[in-house]
């Protein structure tokens, strides 16, 4: 981590605020006076955690080591695929890791999920290890990674291989449908569903629910409704259950279309004769909150609490706390929190995090830190999400020094989301781009692979500050990871290069991007 003096700007810190933050960090988050003695807020009261299996510890170390090797030895788009693979495989062979297990490979692939080129190279290296066989889990992790960079032809090659080995599952097709839907190729997602029987798999209602869910999560509730109407109402291929309706309700809720949400809910009772459960009520309450209909949401909660048919879950209360808190209706959010305590026997981290967020929305950060202290006292967290919430809100109200200070002293390691927030924050601060690059290097040293949006943020900021050599270097790094940049990012970089007379560099970057687009990926 970096010292706080790296971030101090001409804007003087308020000593009272900063010292209060330090105090809460020491007492509430770390639970002691020495950061090094107890960096983990959860493990100190559990001897079992300290005596975790040495086997698991060894696997974790191997995973971290392999990810560091892969992230530092990036794919070079100027070399052939075979040359890149040879270079990477040589480094992996020299890693000293002798035992390559399916668990190890699957976890590494999941950590490399944002870097399809690196993931594929590691995947091919693993299968060459003596006695090693890929499992369904490994193939699925590889498919998910390739789907993020839209390498669908290679995905179908892998599916064929899985079929030949007899390890193809319905879950595999769920991943493919999800990746097609997120690529805005909803027709292909539906086609993937229809192909299941061709590959020897039986379509279950759970698969239809999966398809509807992926379409809804990709903000295409209308397409999901069309598929439902076609397969359930007209062709009667499936009999919907409560999960089917819940998926559609959630889709229309995310789309903030209360008219369609109420229509699906009506059909659920009238035509489907399906009894709503607590999940359905939670989705409807969430939809009301998204649309700003908090009075209706509270009325529905009272109805659920009073009818005795189903007990409200912690998630239902949590949804209301989050919603009311975001509207700065803090008093009502805290009242719901007290009602939650009376109903739910054991409060989980999400509920506490919702209260932390509610305090932050109202800029009552001292109370948020006090809630973190209460969480720890009750043996519930905090977790990385807790830190992310506070950091997000500190950034939102321009208390950036405090956000960076908290980031430096997080218990445990920051995750990709945390790094993303800090890098974006530093990119937006005047003369902080160098520190953003330091944080970026720290993230890579931990084997965490950035995604497209982080690259875009950094490259655009470097362009604005006319650090064009660095902008080209990070843009190249994006290509080397197999991440296809958005067109607008390339346009911004090209324009900055041309404006500064770097015509050759602009042409070179364009040629590299064209080569990437034309390259036919192979297994």
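Cβ atoms here come from the backbone N, Cα and C positions, even for glycine.
When the ranges 36-57, 58-79 are checked against TrEMBL, the one recorded as region 'Disordered' is 36-57. Helix, strand and coil content of the repeat 'PPR' (348-382), in residues and according to DSSP, is 26 helix, 0 strand, 9 coil. Residues 1-2, 6-7, 9, 64, 66-68, 70-72, 111-115, 118, 384, 387-388, 391-392, 395, 400, 403-404, 407, 457-458, 460-462, 465, 467, 470, 481 of the same chain, all 6+ positions outside the repeat 'PPR' (415-450), place their C-beta atoms under 8 angstroms from a C-beta of that stretch.
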